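Peer 1: To start, I am sharing the structure in question, which I have written as structure tokens.
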């Protein structure tokens, strides 16, 4: 059985990229001199995914309606919808649009959501609920500590008015992979409904509705399926979609109405991102060719492991230990060396063809490097070499973090 973080016995069977060798497409070098995007989406896409956007499509035409039906069906397959209890509703816009649509459509106006927050995206969910006028309680674990089932159980026992639990699958502000299985189990045991923001996890990290009881989850085209930005999707129980009739605060973000019109006509209610959909169809083809979710997880996990090992040789230390470290993005502590500047480091990395991410920790300085997109272990080794070169240019002879950073990591180890 594979683990969500990617430590799997099947890893020994993988090829050079960390994915099963059968049908594994070669990683494309970015074209036209563009850098690798070592970010949790948008990310580096395959050349064929880019090329899929070179044709125009009529949004009302039967061919495009067939494309929409195809992507809905494939996403449900990836989610494990064997029983047919769920449906897929694509929505125009960014991932946050889909999160807001899910919350505004599936949490009743008299409902009460328990938000499990351990980073920027959990906090954004709470902010969204405040804008929507939905009652909510926040379990705030700070920058990176994982919410545990025992904590969720205590809060549900203490407040019978809570109707929904909302969790972030992979909190990319730290790179932690939250324990969604145990959260789902306790939520179901307490008779509540679980909503999951799986934006930066679905397609690589297991999220199978046969194993994880949830009311709905959301993800986006430009994450682990490796498409481009422009739409996201809600995968929800059909019963929840039926119950959502007339509940939304918004016309454009009404998941029930989008679902009803899409089922009745095959069309999006408003102008769809046709080129993004075409690119996503190609990205889905490549996802299947690579070996689906297990192979995608294996490649990303291998990318992470190669990156962490190489960075460790330079003296860098990751925030999270292996238990909580996702295969999506890794947070590293910034070096204590007085000559280190993230802004300078960022520019030097960009000059060498790599876009990295600033950190989001509030206690210590950090930065993040993504492991997803059309990159493999060979690219990650080049990333490490670029980091070493950047440090030399800056006059930084060792990347060890300050003592306070290691104390932060100790807090995580003791608490989790």
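Cβ atoms here come from the backbone N, Cα and C positions, even for glycine.
Not my notes, these are from TrEMBL:
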- 368: substrate binding site (BINDING)
- 1-16: compositional bias 'Polar residues' (COMPBIAS)
- 223: N6-(pyridoxal phosphate)lysine (MOD_RES)
- 1-40: region 'Disordered' (REGION)
Peer 1: Other Cβ atoms within 10 Å is the metric here; tell me which of the recorded positions 223, 368 scores highest.
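Peer 2: It comes out as 223.
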Peer 1: Measuring Cα to Cα, tell me the gap between the residue listed as 'substrate binding site' and residue 223 (N6-(pyridoxal phosphate)lysine) in whole angstrom.
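Peer 2: It is 16 Å, counting Cα to Cα.
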Peer 1: Could you check what DSSP calls residue 223 (N6-(pyridoxal phosphate)lysine) once collapsed to helix, strand or coil?
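Peer 2: Note: residue 223 (N6-(pyridoxal phosphate)lysine) is coil by DSSP, not helix or strand.
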